[in-house]
Amino acid sequence: MPCPPRSDELVFFVNGRKVIERNVDPEGTLLTFLRKNWTLFTKILYACGRGGCGACTVMVSKNDPVSKKIRHFSVTACLVPICSLYGAAVTTVEGIGSIKTRLHPVQERIAKSHGTQCGFCTPGMVMSMYTLLRNHPQPSEEQLMEALGGNLCRCTGYRPILESGRTFCTESDGCQQKGTGKCCLDWGENGASPRGRENDICTKLFAKEEFQPLDPTQELVFPPELLRMAENPEKRTLTFYGERVTWISPGTLKDLLELKVKHPEAPLILGNTSLGPAMKSQGRFHPILLYPARISELTMVTKTSEGLTIGAGCSLAQVKDILAERISELPEEKTQTYRALLKHLKSLAGPQIRNMASLGGHIISRHSYSDLNPILAVGGATLNLISAEGTRQIPLDESFLAGLASADLKPEEILESVHIPHSRKWEFVSAFRQAQCQQSALAHVSAGMRVLFKEGTDSIEALSVAYGGVAAATVSPQKSCQQLLGRHWNEPMLDEACRLLLDEVSLPGSAPGGQVEFRRTLVVSFLFKFYLEVLQELKKLVKLFSVPVSALDSQCLPDISDRFLSALEDFPVTIPQGVQTYQSVDPQQPPRDPVGHPIMHLSGLKHATGEAVFCDDIPVADKELFMVLVTSSRAHAKIISIDFSEALELPGVVDVITAEDIPGTNGAEDDKLLAVDEVLCVGQIVCAVVAETDVQAKRAVEKIKITYEDLEPVIFTIQDAIKHNSFLCPEKKLEQGNIEEAFEKVDQIVEGEVHVGGQEHFYMETQRVLVIPKMEDKELDIVVSTQDPAHVQKTVSSTLNIPLNRITCHVKRVGGGFGGKVGRPAVFGAIAAVGAVKTGRPIRLVLDREDDMLITGGRHPLFGKYKVGFMNNGRIKALDIECYINGGCTLDDSELVTEFLILKLENAYKIRNLRFRGRACMTNLPSNTAFRGFGFPQGTLVTESCITAVAAKCGLPPEKIREKNMYKTVDKTIYKQAFSPETLIRCWNECLDKSSFHSRRIQVEEFNKKNYWKKKGIAIIPMKFSVGFAATSYHQAAALVHIYTDGSVLVTHGGNELGQGIHTKMLQVASRELKIPMSYMHICETSTATVPNTIATAASIGADVNGRAVQNACQILVKRLEPIIKKNPEGTWEDWIEAAFEQRISLSATGYFRGYKAFMDWDRGEGDPFPYYVYGAACSEVEIDCLTGAHKKIRTDIVMDACCSLNPAIDIGQIEGSFIQGMGLYTTEELKYSPEGVLYSRSPDEYKIPAITDVPEEFNVSLLPSSQTPLTIYSSKGLGESGMFLGSSVFFAIADAVATVRTERDIAEDFTVQSPATPEWVRMACVDRFTEMVWNYSSQ
């Protein structure tokens, strides 16, 4: 057998340590390398694997051969090919600081500013900020926003992360009363403090003055050895051989061209931002990869009087800097194309992707959604090609972008550089794009537009337009442009241009990606924006140059109404500002008592240094195997056969686990762990492969052949389920009063429909579990990322048919849960346990982001129908709501979600005659499950939509209808539970006042009168959120507290740390009860071996009930110590503990809380299902662009009733995080399925959770002061979920703006309420001449 050729040595540095790899795998990434070798170098987190979330951000430093300077840039390690790092220095979060040595200021500040919750995104955030500071030690706020643009966080709502970053920025324009401890934002509409005793209120969550200063001289130096290597660069070709792929890195252009002749099919790879994701998710495979990064000719920049030539190897970040520099050097008339490119480069992907992606790669990839190619095409860019035969130029035009052979590169050619000519006088170039959100989102439609006028006239001499996103390739409608030559720049020309474009840019109804009418509308809306922009510029030119009247004067140019001017302005990216207020602790409280103080998250510093250990960070166990799941590709089918013979023959594959291997119970009858005979959805788990490595297991999955026979019916939507009478459980119903009679006595009746889309949990840490079989007695250790370890334990027990006492589940921390880790982890734990028992070896199961999103389900989509009867003054007399939720293919939590939804539908309103009905539909989609808010965010949107519909009919503002119908006095809910609405009314009034709602409502109306194409909307929403489970047994909790003889304390309880700070709060409770500092205490983990029979950490009551259990345990211990303390009152804690031990007093206690009473009798429709309510109100203001559907969040004010917060920093963080998550549900998070039931939106590229630029410009959160509840621990409240629904204030503000548009344009006010309020929904609801054109064209 021939010996494989030897690879060259790969030399690079990690955190100052030299790495020499002699057998590197070219298919590996920096992330896989670091995770495999983390004990030697560093630990790094795996989240999405596509560069879309920023969790694995690191800094790469290279010596730039052209500028001779060291470049520091952030990259996502999951996309960086390991072979590309020759001669580079990599810095990871553990390389900049550690709790064991010294913290870096970035790490310290993000932790102490409360910028971490679950902590999974934190190392990436830290490294993005650190890289910014290496390049700009005193950055501007704009640079900070840009640096964090590629990092996602699902927990915090971003505000505290930005707050920590701002401490490094040059001073910004802050509050004028800075230094006084007061803030202008503290004062309400009445000009007086609304809070009574001023001194009781705090606005400070951390002490900035305590932070260590940033000292740039202390940073890691670029390794001198790499400097020497860069000064004498290696010219020979480097080759790295892998099992399937060979990586070749030529040192000279000549070598590269020769290699291209030898391997014409081999792609050139630089940033791997296009090829990498395609190889991962589309299975693209290239046996040879050419890496030309060491060739200086490909990064050359040439400036001439004609234009700018940029090397194809320059990264998009470098292109951005090159363009910005050129714009500053040249007169404006010459830089039109450069400005257009720069505009799009600012929002194209995140900074990590821009640092990696090359200009040449972007052009050659020819993505249909490209942002730059349309601009380069209209700007007359030329591609300079080179091969061993010589050089040639081709235009970057429609033929090239369509991939026509006659206009394309030959196989042996490469793109050397791109020439972009200067623009000329009387030439105008603009760029437009619209995406699901402002940044890091693929464009629905992008456009480049250029017009050249005959000098001194408005007569069109040349016109070119190019669109991305409307076809398989960038489209240039040349016929339309040709027909417009010679025309004057006026309204008739615009109308003709729109008609011609709609004719030529044809988008069939079946076009991929859908949104056909929306995208067609954008085609003409962008043209209108361009028309206005150019008209405005022409008017400026006329004023500037004394052009003869006969040729062109301002009289012959059409006027632009002042109301139209706002159409020309894009929404700016601004750093959010805001104030967080809370009640300070009682002055009588002992200083050492931490309850009520904004204590940092216990794991905050570990999150920031990367030393926090998550489930998949547990070192590889001896003989460990990796498991990968095999899922159904059909929505409803019979399994005819499964053939895994080919998979078993692959190297490293150990076994395939099927239902037949399960020794105990295979799930429930209608909800199997592993499919038997039939599959009910795409993504249902059929079997699982176990192999020596994850790569081997994934390759084996592709070889498994499953034969199906499709079954009928196939049901995907709620409407289909209703038609087929396909339901998961009986109808749930609540009724009060006499609804039929009430409808007969009202002045008006309105009926309507509401559609609420589903939502993906998108926890940063995907589902993962490690099962380790012990040597004896069938014992298993399970390390799992779950909210409910006891449920995992029970499921594994029944699956393996072994007692619970042999199974121990461990939860150190969870990288986000939001309900998605209540039930699902038990499935993965059980399947992995079957594999572990069958093979006798440890099994690790880590879901890729795509599989996690495909398999696990999420929030239930909802379809609601309402009928509301009311008097002309707005008083609602009768309300009938019928809700259907899409439960997916199995019951899961759908019945409970239906019950909670019905129980919570009334929200804050007292309506005498009500009927609420709910059904859970059975469909052929993955089963939907628990999600933060548990039905409330979907159902209450229906209720609030009724309110706005009533307001529209009565001609009154919605807030008046809300006020008129709100609970006013002590009363009973629809399910006969008594409560007092006093706190609800206080929250409402305080929110009205703090947000200056009434004066801002007038300002919004004034703005809307003055602007036609931009509109503002404002809305204020009240909330009555019920906390807890509707059953007493689910409110019990236990704790175990040990005091050791040195005085240290170990606390264990039944709650799980999901990022919500439960461990921090538990130590605050223990500290108060034992009267010792928190530094004496430790929480190790949650384990079923220490606290058994726990309840899921969910329903917002984790800290409530576990806090009571910890309190109980501590009080038992204090009682035992009382005689000793009495005897020696002056003694220290350590003295007392030592004495107790000598006197044989037990220093260990179990604490227990029997739970809040809660019950619900559905037959009678009454009960006390919830221990208490959380009240709140939120006011949001937005501005929408009627031409594109984009919106900008201007301001949000939240007032929340937290009573006496255990930890205001954590509670405010929970409110902000849930609000932003709710805002995502209602605006950008859209799940899309294929006609066959396959989830399309399976990555951060397609599924857009809110990013840092989505946070409101002004974001104020206030905890209502002087509020008490006797029921809970220290009068605190659980706030984990309640803020979610307040995100709907943004939705209703958008709806308010849209309603203004429709009223102004005399459109019937009824339009179906649909969430999320995506740009598509907003644009198509803002009916105008352009939407009419599209509809008329479609109907023809």
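Placement of Cβ uses the backbone N, Cα and C atoms for every residue, glycine included.
Annotation source TrEMBL lists domain '2Fe-2S ferredoxin-type' at 8-96. As annotated by TrEMBL, [2Fe-2S] cluster 1 binding site applies to CYS48, CYS53, CYS56, CYS78. Residues or ranges marked as [2Fe-2S] cluster 2 binding site in TrEMBL: CYS118, CYS121, CYS153, CYS155. Annotated domain 'FAD-binding PCMH-type' per TrEMBL: 240-425, in sequence order. If you look up TrEMBL, you'll see LEU268, ILE269, LEU270, GLY271, ASN272, THR273, SER274, LEU275, ASP371, LEU415, ARG433 marked as FAD binding site. Per TrEMBL, Mo-molybdopterin binding site is recorded for GLN787, PHE818, ARG932, ALA1099. As annotated by TrEMBL, substrate binding site applies to PHE934. The active site, proton acceptor annotation in TrEMBL covers GLU1281.
Around ASP371 (FAD binding site), the same-chain residues six or more apart in sequence whose CB sits under 8 Å from its CB are HIS344, LEU345, SER347, LEU348, ALA431, ARG433, ALA443, SER446, GLY468, listed in sequence order. The separation of CYS78 ([2Fe-2S] cluster 1 binding site) from ASN272 (FAD binding site), Cα to Cα, is 10 Å. In sequence order, the recorded positions near ARG932 (Mo-molybdopterin binding site) (Cα within 10 Å of its Cα) are GLU1281, drawn from CYS56, CYS118, LEU270, SER274, GLU1281. For the pair CYS121 ([2Fe-2S] cluster 2 binding site) and CYS48 ([2Fe-2S] cluster 1 binding site), the Cα-Cα distance reads 11 Å. Looking only at other Cβ atoms within 10 Å, the busiest spot among the binding-site residues PHE818, PHE934 turns out to be PHE818. For GLN787 (Mo-molybdopterin binding site) paired with CYS118 ([2Fe-2S] cluster 2 binding site), the C-alpha to C-alpha distance reads 13 Å. For CYS118 ([2Fe-2S] cluster 2 binding site), the count of additional Cβ atoms within 10 Å of its Cβ stands at 29 [all protein chains shown]. Annotation for the residue listed as 'active site, proton acceptor': same-chain Cβ neighbours under 8 Å, separated by at least 6 residues, are ARG932, GLY933, PHE934, PHE936, PHE1025, VAL1027, ALA1099, SER1100, SER1218.
Cα spacing between CYS153 ([2Fe-2S] cluster 2 binding site) and LEU270 (FAD binding site): 28 Å, rounded to the nearest whole number. Here the candidates are the binding-site residues CYS53, CYS56, CYS78, CYS155, PHE818. The one whose C-alpha lies nearest to that of SER274 (FAD binding site) is CYS78.
In this structure, CYS48 is the one among the binding-site residues CYS48, CYS56, CYS153 with the smallest number of other Cβ atoms inside 10 Å of its Cβ. Rounded to a whole number, the C-alpha distance linking CYS155 ([2Fe-2S] cluster 2 binding site) with PHE818 (Mo-molybdopterin binding site) is 9 angstrom. The DSSP breakdown of the domain '2Fe-2S ferredoxin-type' (8-96) into helical (H, G, I), extended (E, B) and coil residues amounts to 15 helix, 29 strand, 45 coil.
Per Cα geometry, CYS53 is the residue among the binding-site residues CYS53, CYS78, LEU268, LEU270 nearest to CYS118 ([2Fe-2S] cluster 2 binding site).
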